[in-house]
Structure formats: C-alpha cells, structure tokens
Amino acid sequence: MASEQNQIYHERQRLQFCLLHSLNNLFQQKDAFTRATLNSIAERLVLDDPEKEIWTPFSLVFKPHHNSVTGNYDINVLIAALEGRGKTVIWHDGRNGASAIDLNDGLLMGIVVNVPVRRYGGLWKSRHWIAVRKIDGVWYNLDSDLQAPHCFKDCGEVREFLNFIINHDGPVLLVKK
C-alpha cells in the first residue's frame with residue numbers, strides 16, 4: 001500500500017484554499033486548477049450575475065464568491081470549475097443516505113463534500129472542502145488537512161464517512177465524468 005500511496009497526488013492545506021486543494025486532489029494533478037483560475041471563475045460569476053451587489057470598500061477583499069486574501073471559494077466556483085472541465089455535478093439528496101450512491105458507477109469521477117470546521121481553539125467557524133476518489137480500485141479520503149491520503153478499507157467505510165457528513169448537514173456532491 002505504501003508504494004501505491006506514493007503515486008497518489010495529495011495537496012496539503014494552506015490558508016483557506018481547501019477548494020483549490022480538493023479540486024487538484026480530485027483531478028490528481030498539481031495545478032489542475034490555480035488560484036488565478038478560480039479567481040477568474042469567481043469574477044466571471046459576478047459579471048454574469050444579473051443582480052450584482054453594490055460595490056463597497058469591503059468588496060476589494062470580501063467578494064461574492066470568494067475571499068481574495070485567504071481563498072475560501074463557494075460552491076458556485078466549484079460547480080463552474082468542474083463544468084468547465086466537462087464534468088457534471090450532482091447534489092446528492094441526503095434524505096436517501098449514502099447507501100443510494102453507486103460507488104461502483106464507472107462514470108463517477110469522485111465525490112466532493114463540505115464539512116463544518118472550527119479552528120483556532122473554536123474561535124473561527126468555517127467550512128472545509130474535501131475530495132474523495134477511487135484510485136486503482138481503492139477509495140481515498142484526500143482531505144488537505146490530513147498528513148497523507150486516508151485509504152478506506154471498503155465501500156462500507158466510504159458510506160459510513162459520507163453518512164457522517166450527511167448527518168452533520170454537509171453537502172455531498174457527486175462528480176461525474
């Protein structure tokens with residue numbers, strides 16, 4: 001397993017760029033997406049919005065779809081980035097639980113989840129993007145907060161993880177090829 005894990009691309013967390021890291025981990029490629037790419041997508045989303053927000057001095061940092069200093073991109077940027085690469089994003093209906101997800105679907109590229117997190121002794125509440133992907137027949141949690149990818153022992157363990165996310169109000173997004 002160690003030699004297999006050496007071949008798995010795993011980008012580590014920096015600031016609040018977890019969406020960037022989760023996309024690169026999902027695509028298994030350094031710089032599959034960059035800050036510049038995601039910033040451009042976020043800016044395009046603002047320009048395309050018919051109900052643009054009124055500009056304020058805070059708009060330089062706190063943009064509608066991301067924070068320009070720390071990152072912290074929203075789901076609209078995630079969906080636009082994936083659709084821009086020809087992927088389809090399906091929001092899993094959590095009422096059905098993880099058992100309704102076909103983890104052996106050949107069109108399933110991976111899964112992206114968004115979980116609540118507390119940092120700095122609980123003073124900072126935020127959300128964190130995590131990619132889960134099957135690589136060479138094995139499912140991995142590619143969370144950028146982990147030291148290394150976490151190998152799930154089987155599909156049952158993947159479903160337990162996804163049910164935990166669902167039960168804590170975390171969206172589960174299926175990414176199809």
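Heads up, the Cβ atoms here are built off N, Cα and C, so glycines get one too.
Features as listed in TrEMBL:
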ACT_SITE  Cys18  active site
ACT_SITE  His128  active site
ACT_SITE  Asp143  active site
DOMAIN    5-177  domain 'Josephin'
Rounded Cα distance in angstrom between His128 (active site) and Cys18 (active site) is 6
Enter the number of other CB atoms within 10 angstroms of the CB of Asp143 (active site).
24
How big is the Cα-to-Cα gap, in Å, between Asp143 (active site) and Cys18 (active site)?
8
Number of Cβ atoms other than its own within 10 Å, given for Cys18 (active site)
27
